[in-house]
């Protein structure tokens, strides 16, 4: 069951300990697609309430398998003052081309006509592999609120072509594969949404600062160490349940078990992941 009271503590931890001021609610790590519509609304409201005057941006994922639920969630997000909404492609009956996907997204975005809209591109989970480069052509005319893409794919060529098309800087490209963020920054991504920023937000912010200086060698150190940890845990089996376990032992905040069909992380995973993370010496001396 969802644990609303813990979100106040969660917000303070992100802001004070990780220097994270923006959140993406009801996405993959938040198991948004495993929650009921009512639960998703309750979570969105709690994040908005607890984040008031503490968080800069709250983007709420409103994607679902059917259009009416997406539209209902989009209206709700607008009503509670969300800073943005995002939508994945439906993944049972899938759009097969750009026009079908844009038509679906437009029907959702139009329910929140004042709210910035993001397409959540995550083909490893949706199976919808329509290239974002293609999607961008003429999208502003069909979706006036279109703000950008949460790009959770390893296809950096597609991302680079999107950046190339975005010469006027109208759109934001928020990269979602944490172990490749530095590569995405190099081709022009201008933000990131990812699970590791819950517990490695401070180190990632230092990497972003190093990249901006530019001090590429320092930025590379941070990226390689993040990759070293992720490479280790991926070999153990790393998913949403294991991410919750890591966040719990790093933050001390009980993130709870996942919802079936996912099952909780094993004690063996927790012991090994904690030992690995504790062994990493970051450039700032942590």
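Placed from the backbone N, Cα and C atoms, the Cβ positions cover glycine too.
Taken verbatim from TrEMBL:
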| type | residues | note |
| --- | --- | --- |
| ACT_SITE | 120 | active site, proton donor/acceptor |
| ACT_SITE | 150 | active site, schiff-base intermediate with substrate |
| BINDING | 29, 193 | pyruvate binding site |
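Sequence features, as recorded in TrEMBL, placed on the structure.
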| residue | record | Cβ within 10 Å |
| --- | --- | --- |
| 29 | pyruvate binding site | 19 |
| 120 | active site, proton donor/acceptor | 26 |
| 150 | active site, schiff-base intermediate with substrate | 27 |
| 193 | pyruvate binding site | 23 |
Integer Cα-Cα distance in angstrom, residue 29 (pyruvate binding site) to residue 150 (active site, schiff-base intermediate with substrate): 14
C-alpha spacing of residue 193 (pyruvate binding site) relative to residue 120 (active site, proton donor/acceptor), in angstrom: 10
